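If you check TrEMBL, you get these features:
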type     : residues    : note
DISULFID : CYS24-CYS56 : disulfide bond
DISULFID : CYS34-CYS45 : disulfide bond
Amino acid sequence: MAEIELKTAPADFRFPTTNQSRHCFTRYIEFHRCVAAKGEEAGDCDKFAKYYRSLCPGEWIEKWNEQRETGTFPGPL
């Protein structure tokens, strides 16, 4: 996988507080929905990948990836 430059996600009016947990989760879901709709190679999805990778702790991402693989992910993909 190509090296991705991480930048802070832009401000989102849906998440006005300093607790960014929900923002992280939403961006993770948006990325995987985008990939499902447009395919793995779609450049349109890169921004969502950058956003969730800059917002989410690595442990959460690993856990969610495992849950998606086993079909137990709690979010709407």
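Glycine is no exception: its Cβ is also placed from the backbone N, Cα and C atoms.
TrEMBL labels come from automatic prediction, so no person has curated them.
Here the structure is a predicted model, which means the values were calculated and not measured.
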(request) Round to the nearest Å and give the CA-to-CA distance linking CYS34 (disulfide bond) with CYS24 (disulfide bond). (result) 15
(message) Please report the Cα separation of CYS24 (disulfide bond) and CYS45 (disulfide bond) in Å, rounded to an integer.
(response) 15
